[in-house]
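*Asks:* Here it is: the structure, laid out below.
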Amino acid sequence: MTNTRKTHPLIKIINHSFIDLPAPSNISAWWNFGSLLGLCLTMQILTGLFLAMHYTSDTLTAFSSITHICRDVNYGWLIRYAHANGASMFFICLFLHVGRGVYYGSYTYFETWNIGVILLFMVMATAFMGYVLPWGQMSXWGATVITKLLSAIPYIGTTLVEWIWGGFSVDKATLTRFFAFHFILPFIIAALAMVHLLFLHETGSNNPSGLISDSDKIPFHPYYTIKDTLGVLLLILILMILVLFSPDLLGDPDNYTPANPLSTPPHIKPEWYFLFAYAILRSIPNKLGGVLALVFSILILMLFPLLHLSKQRSMMFRPLSQCMFWILVADLITLTWIGGQPVEYPYTIIGQLASILYFAIILLILPIISLIENKLLKW
């Protein structure tokens, strides 16, 4: 008698994806973040669903409804902070997942990589709209500043911004539509994540050496299910420490003041995970130039497969490229720090230099170093 999990039309899909999937025998803990992102997404959808049951998307009651969730709803405070800090964990996993892809050359799987970049954009859009919902000072002003950037688009800019706002300023219509989009986008992200996996399973996973591992595969279950479970436990532990001990560590105190369109906060800044892109935006004095740099700072990821000039796939055996990779990581951390600082000397100049270095490393230095390494290895 054949096994049900191998013959049942629905169960066999799950079986081929998570149980009998042939996986390389040498993938390290850096390959854990895919499953962790799946966990984060599920957690965000569930906590978000319970928050949506008590939230009202109206400018007059949005702030009060969040207060009501935290004070009157059973474990409302836990759900709210798990959702807010869950977003931070989501982005930490995302950045590490992308970083692993860059380091080990996973971007050579074109379709998987490009869908991943689209997923990154969608998660950023969802997080931005979610930040607007509590309707605190930073919510309203962050929404105003970021949406107004679209007015830099020639000819249609102003019309586009007013169309997104649903009026002449960020108001009730904006909040309602942001809530609607914030609710629907995670489900679109979940569907795209399945397509991401579909394309990945066409080729099979990459591995740290970057070599073809067809001759040495092991079943996903039990080896990597156990390994992923350890990652899941660590993620939940870190998240719970954050939620239960310092839930506001990564938030902005200004968001505990109800939104007031008549008083501007001294420093308008987005959540920490957008600060690197925000610093790149601010480092260019021209509005349109800044917006283009902001978009290109993420879109540049799609160029990685085209800029890969090395004869080796992974950076594992390429020390010069490794050095540049870690300089790039340090540069991104610097940009994140700059994004949270006021626009004044010396922060502006540091931001400009860090932005130039970011684009230079990706577009020029890494490809040139790859060619040098090819020469050194007589390839």
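Glycine too: its Cβ is placed from the backbone N, Cα and C atoms.
Per Swiss-Prot, the features are:
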type     : residues      : note
TRANSMEM : 33-53         : transmembrane segment
TRANSMEM : 77-98         : transmembrane segment
BINDING  : His83, His182 : heme b b562 binding site
BINDING  : His97, His196 : heme b b566 binding site
TRANSMEM : 113-133       : transmembrane segment
TRANSMEM : 178-198       : transmembrane segment
BINDING  : His201        : ubiquinone binding site
TRANSMEM : 226-246       : transmembrane segment
TRANSMEM : 288-308       : transmembrane segment
TRANSMEM : 320-340       : transmembrane segment
TRANSMEM : 347-367       : transmembrane segment
*Asks:* Give me the stretch from 113-133, 178-198, 347-367 with the greatest number of Cβ pairs under 8 Å to the transmembrane segment (320-340).
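*Replies:* Looking at each of 113-133, 178-198, 347-367 in turn, the most contacts to the transmembrane segment (320-340) are made by 347-367.
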*Asks:* Can you say which of 77-98, 178-198, 288-308, 347-367 has the most Cβ pairs under 8 Å with the transmembrane segment (113-133)?
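*Replies:* Stretch with the highest Cβ contact count: 178-198.
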*Asks:* Compare the C-alpha of His83 (heme b b562 binding site) with the C-alpha of each of the binding-site residues His97, His196, His201, and give the closest one.
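*Replies:* Nearest listed residue in space: His97.
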*Asks:* Within 10 Å of each Cβ, count the other Cβ atoms, then let me know which of the binding-site residues His97, His182, His196, His201 comes out lowest.
*Replies:* His201
*Asks:* Counting only residues 6+ away from its ends, which parts of the chain sit with a Cβ under 8 Å from the transmembrane segment (347-367)?
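*Replies:* Residues 279-280, 282-284, 293, 296-297, 300, 303-304, 307-309, 321, 324-325, 327-328, 331-332, 334-335, 338-339, 341 contact the transmembrane segment (347-367) from elsewhere in the chain.
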*Asks:* Applying the under-8 angstroms CB criterion, which one of 33-53, 77-98, 288-308 scores highest with the transmembrane segment (226-246)?
*Replies:* 77-98
*Asks:* How many neighbouring Cβ atoms, not counting its own, are there within 10 Å of the Cβ of His83 (heme b b562 binding site)?
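*Replies:* Result for His83 (heme b b562 binding site): 21 neighbouring Cβ atoms inside 10 Å.
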*Asks:* To the nearest Å, how far is the Cα of His182 (heme b b562 binding site) from the Cα of His196 (heme b b566 binding site)?
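*Replies:* Distance between the two Cα atoms comes out at 21 Å.
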*Asks:* Which bits of the chain, at least 6 residues beyond where the transmembrane segment (33-53) starts or stops, bring a Cβ under 8 A of a Cβ in it?
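*Replies:* Answer is 69, 79-80, 82-83, 86-87, 89-90, 93-94, 96-97, 100, 182-183, 186-187, 189-190, 193, 228, 231-232, 235.
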*Asks:* Please report how many Å separate the Cα atom of His97 (heme b b566 binding site) from that of the residue listed as 'ubiquinone binding site', as a whole number.
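*Replies:* Approximately 17 Å lies between the Cα of His97 (heme b b566 binding site) and that of the residue listed as 'ubiquinone binding site'.
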